[in-house]
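Remarks on the structure that follows.
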Amino acid sequence: MYLKFAFLLLLFCFFALRTWASDPDPVQDFCIPNTNFDASVGVPCKNPRLVTPDDFVFSGIKSPGNFSDTGLSAVPVNPTTFPGLNTLGMSFVRADFRPGGINPPHFHPRATETVYVIQGKVYAGFVDSTNRVFAKKIPNVIFGSGINDELLEKAFGLSLRQISTMRRRFLPRKG
């Protein structure tokens, strides 16, 4: 009898621990850090009544940063530089490359990375946990990239006529 009870208790503890092993759900829509508070670990949220639209605007990516020896200029945007991102679990970066420039290999545990090419082409990819490489040369076009018209129509809510107009307008010029 005690053996069955001990087994059930152990099983319950195992499942209980498993349910605690996740990120908590956010309890508020946003948490702008209160920079007037001195804390060694974490910063409390600003009173929501004191939050202004300026807390959600960041204009630091208008211009490229300084180029490194690798030919990369990166302007990071994270909760430190843009408080409106605090507790949202996201950040982004403006990256400019000189011709032939590289972004040194790096990793993002439990995160994502999106690449949007404005000019030129970028060879980008990732390596999964089995060391399989997924890489591709990314051109600077959407409407001249060979993406199926039907997909563009559904994704952007455009008509085929509008897509045709966009293709003509944004298709890379030759020469």
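Using N, Cα and C of the backbone, Cβ positions are placed for all residues, glycine too.
Noted in TrEMBL for the protein shown:
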{"type": "SIGNAL", "residues": "1-21", "note": "signal peptide"}
{"type": "DISULFID", "residues": "Cys31-Cys45", "note": "disulfide bond"}
{"type": "DOMAIN", "residues": "59-164", "note": "domain 'Cupin type-1'"}
{"type": "BINDING", "residues": "Asn103, His108, Glu113", "note": "oxalate binding site"}
{"type": "BINDING", "residues": "His106, His108, Glu113", "note": "Mn(2+) binding site"}
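Annotation for Cys31 (disulfide bond): same-chain Cβ neighbours under 8 Å, separated by at least 6 residues, are Cys45, Lys46, Asn86, Thr87. Summary of the oxalate site environment: with the site residues Asn103, His108, Glu113 set aside, the chain residues having Cβ atoms within 8 Å of the Cβ mean position are His106, Phe107, Phe126. Just so you know, of the binding-site residues His106, His108, the Cβ with the fewest other Cβ atoms around it within 10 Å is the one at His106.
Note: the Cα of His106 (Mn(2+) binding site) and the Cα of Glu113 (oxalate binding site) are spaced 11 Å from each other.
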